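Student: The following feature annotations were taken from Swiss-Prot:
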type: MOD_RES; residues: MET20; note: methionine sulfoxide
type: MOD_RES; residues: ALA28; note: alanine amide
Amino acid sequence: GLKDWWNKHKDKIVEVVKEMGKAGLNAA
């Protein structure tokens, strides 16, 4: 289910979100 998918990928997702956040702050 979705929870299993999230648990499998959350570390990578968090890293990507952090990078996107940094890029957004730098662009602003």
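Cβ from N, Cα, C; glycine included.
Since we're looking at a predicted model, the values are computed, not measured.
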Student: Give the number of CB atoms, excluding that of the residue listed as 'methionine sulfoxide' itself, located within 10 Å of its CB.
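Tutor: Step by step: centre on the Cβ of the residue listed as 'methionine sulfoxide', count other Cβ atoms within 10 Å, giving 10.
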Student: How many Å separate the Cα atoms of MET20 (methionine sulfoxide) and ALA28 (alanine amide)?
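Tutor: A Cα-Cα distance of 12 Å.
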Student: So how many other Cβ atoms are close to ALA28 (alanine amide), meaning within 10 Å of its Cβ?
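Tutor: The answer is 5.
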Student: According to DSSP, which of helix, strand or coil covers ALA28 (alanine amide)?
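Tutor: Its secondary structure by DSSP: coil.
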